[in-house]
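In TrEMBL this protein carries:
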| type | residues | note |
| --- | --- | --- |
| DOMAIN | 87-301 | domain 'ABC transmembrane type-1' |
| TRANSMEM | 31-56 | transmembrane segment |
| TRANSMEM | 82-112 | transmembrane segment |
| TRANSMEM | 124-144 | transmembrane segment |
| TRANSMEM | 175-197 | transmembrane segment |
| TRANSMEM | 230-252 | transmembrane segment |
| TRANSMEM | 288-305 | transmembrane segment |
Amino acid sequence: MTATAEPTVLAQVARAGRSATNRRRARAGRLFVAPNLVAVAVFTLFPLGFSLYMSFQRWDVFTPPKFVGLSNFRNLFTADPLFLIALTNTVVFTLGSVVPTVVISLVVAALLNRKIKGIGLFRTAAFLPLAVSSVVIAVVWQFVFNTDNGLLNIMLGWIGISPIPWLVDPKWAMVSLCLVSVWKSVPFATVVLLAAMQGVPDTLYEAARIDGAGEIRQFVSITVPLIRGAVSFVVVISIIHAFQAFDLVYVLTGRNGGPETGTYVLGIMLFQHAFGFLEFGYASALAWVMFAILLALTVLQLRFARGRSWEVDRGLG
């Protein structure tokens, strides 16, 4: 009887010790996580909730907030002609920067997806534009795009092309923004796509070569379908960055989105209403409209990518 009871008591003591240890570890874990949760609540959740609340108010700092319901959203869509201009320019800028970024990054990644020396150095160098402030990049490109003595027009003059008003003409100003955005975005996108390409099994390429497929055919039929997830990631991130563009536009073409309204994008419009006109309620409504558009575009892109991935998996199976 005593011999049987001793192991039982020892087992209970061991379980109690483990439970106490687990509770201490759980408390320690909560203590470590608590500061991060507080930071998220203070710097993310509260601003989001407050901006949603302000989108239904009229507030200019000098007078108390006044509830206006959906008036800010209604005025945005029906009474503000600049919203349509800003939305159109934002869509043009997004298409003009995202499409070239994805295409160029795919081509560069495919060229680098070979066993060559120095690839590690390139990956490191590819992130350098990301380490530089967008404001610094914009200031440098201001000198490059200068109409009279900019580097780009000087080089064009060598081949007999007249100076182009890069930042003076509304149409060329948008082209200039797209060029800078692509230059800044391609390195990161290339590294992401290159990493995905290096995960494609070599046996698939060997089988394709045996069947007589060339490199272009291999790229279109094997590489692109199998890295669709990475491509979708690059597309979504690029769309978000382009849709929220502000700093490049502000430094390159001014706080009013000039010349005229050639580069008047949603980011500039949001800045003007929030910090220029002090219309915080109207600016909050605009911010939530931008969020809704980005959310819809992201969901559509992810659903499209998921559907195409299912087709690829079924084809490979």
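Cβ coordinates are placed from backbone N, Cα and C, and glycine is handled just like the others.
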Report task. Determine which residues of the chain contact the transmembrane segment (82-112) at the Cβ level, with the cut-off under 8 Å and only residues 6 or more beyond its ends counted. Result -> 76, 119, 122, 174-175, 177-178, 181-182, 185-186, 189-190, 192-194, 197, 219, 223-224, 231, 234-235, 238-239, 242-243, 245, 257, 261-269, 286
**Report entry** Long-range Cβ neighbours of the transmembrane segment (175-197) (under 8 Å; 6 or more residues past either end)
**Finding:** 93, 96-97, 100-102, 104-106, 108-110, 112-113, 123, 125-130, 134, 137-138, 141, 145, 166-167, 223, 226-227, 229-231, 233-234, 238, 241-242, 245, 248-249, 252-253, 263
Requested in this report: State the residues, same chain only, that lie 6 or more residues beyond the ends of the transmembrane segment (124-144) and have a CB under 8 A from a CB inside it; answer 'none' if no residue qualifies.
Outcome: 150-152, 167, 176, 180, 183-184, 187-188, 190-191, 247-248, 250-252
